[in-house]
Amino acid sequence: MTYLLAIDQGTTSSRAMLFREDLSVAAQAQQEVPQHFPASGWVEHDPEDIWATTLATCRAAMEKGGVTAREIAAIGISNQRETTVVWERASGKAIHRAIVWQDRRTADVCARLQADGHEPLIATRTGLIADPYFSGTKIAWILDAVPGARARAERGELLFGTVDCYLLWRLTGGAVHATDATNASRTLLFDIYAGAWDDDLLRLLRVPRAMLPRVRDCAAEFGTTLPDLLGGPIAVRGIAGDQQAATVGQACFAPGMMKSTYGTGCFALLNTGATAVASKNKLLTTIAYQLNGVRTYALEGSIFVAGSAVQWLRDGLHLIKTAHDSDDLAPLADATQAVYLVPAFVGLGAPYWNPRVRGALFGLTRNTGPAEFAQAALESVCYQTHDLWTAMRADWPDGVTQNAALRVDGGMAVSDWTMQRLADILNVTVDRPVIPETTALGAAYLAGLASGICPPPAEFAARWQLDRRFTPEMDEETRARKLTGWTRAVKGLLASED
């Protein structure tokens, strides 16, 4: 039997999943990745931790599955996007910790870009906005913060990569410095229409071109692993950023299809086909995937805090012991209390894009307790998704129909209570697939597609299987009241910054 090995390197953990030819799961392994918070709004990873946990989970998954390198047709990589690594070309050693996508240290730089009128250039080339979320300003920060780094980068001694690129470099022993179009599209440096690095943006953000990787299709020949890493050489044939990999794994190949992934954050992507829809509602225009040199575009809404709100209940407030406890508590909340959590722990993402505002709770009373906190945390994810859904329908009214279903995945998607509340708040059908690990599935499929062992997209889409469908049950009056309360809470928080 032939297998596919998927690497799913995320914000809080590294996971490896072994898939059979029919894309059923044979084995998996997962390890937590330590996070570092050196200052308020700063989030970092040690690149060595990323590498060590990735390699360890690949080996563990292969051992659990009883599979050797000879039986694996290809590796597919999905990764936390935007997270930035700069390393030495000669040694492979990172010159600074990886700056994570959640990190907000370059907020002032982005504010200056906006004030100086550069946002139209950024938007028309990249589909993005000037925000610390993206890689470009993170690269510039590292080059300025590490003594001598800028001069070394200009001499070609330093390389930049998102996590996929860094892992590919390590897997191939430094033989390949490459990424895919989806990851490139998240750097603030890539023209998503021309499909190339943009010299104007490189000059604007002061990033030397010599640092940048080559950009390839999502399903392509990326290189071969060193034989001693996994017991033999294995071809790497698929790469996509985690949210784009999930879009593929959810088989959202038709324009108008939408998926939303609920992990540390929440990321909703709407397939717009060959049309790159320019948002008028502060969404992002991005590359959904690129196959055979053809780009498919998407509208994306990025929410920085979803599952991490539940982590806050557990690790910050110590109200729960496990994430599942929030599911048990939320239904017990007092229905007469209107408690809202606006989880702007690292600012607000789409459609507000405010990196400076911080989180707040509204509607607390003397009777507010753990159940109300749990419900507010879970509902905050639903309300934020509603903000994205509303913006997407406004941006592309002809492409999104009211009866369109939302496909969901990620760790929070296993919560029946949250998914039912999501259907209620959005007033749309929410579909959860049989295989919840759609990010890894998408990476495996891309690798299999390039290997010739997976079917074309249309046939793969026909195999998508539904686990459970959640249909709206909330009455319109209750829904409207809840959404009005959320809108007031967000407006109150934004007003408090002024």
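A Cβ is built for glycine as well, from the same backbone N, Cα and C atoms used for every other residue.
Owing to the predicted nature of the structure, the values given are computational and were not obtained by experimental measurement.
Binding of glycerol is attributed by Swiss-Prot to R81, E82, D242, Q243, and the same site annotation extends, among Y133, Y193, Y297, to Y133. The ADP site recorded in Swiss-Prot includes T11, R15, T264, G411, and the single candidate from G307, G363, G369 that the record places there is G307. Least packed by the Cβ count within 10 Å, out of the binding-site residues T11, Q243, T264, Q311, is Q311. Neighbours of S13 (ATP binding site), defined as other CB atoms within 10 A of its CB across all chains, total 16. Counting only the Cα atoms, the space from R15 (ADP binding site) to D242 (sn-glycerol 3-phosphate binding site) is about 12 angstrom.
DSSP assigns Q243 (glycerol binding site) to a helix. Fewest other C-beta atoms within 10 Å: among the binding-site residues E82, D242, that description fits E82. Using Cα positions, the member of the binding-site residues S13, T264, G307, Q311, G411 nearest to Y133 (sn-glycerol 3-phosphate binding site) is identified as T264. Listed in sequence order, E32, V33, Q35, T264 are the same-chain residues six or more apart from T12 (ATP binding site) with CB atoms under 8 A from its CB.
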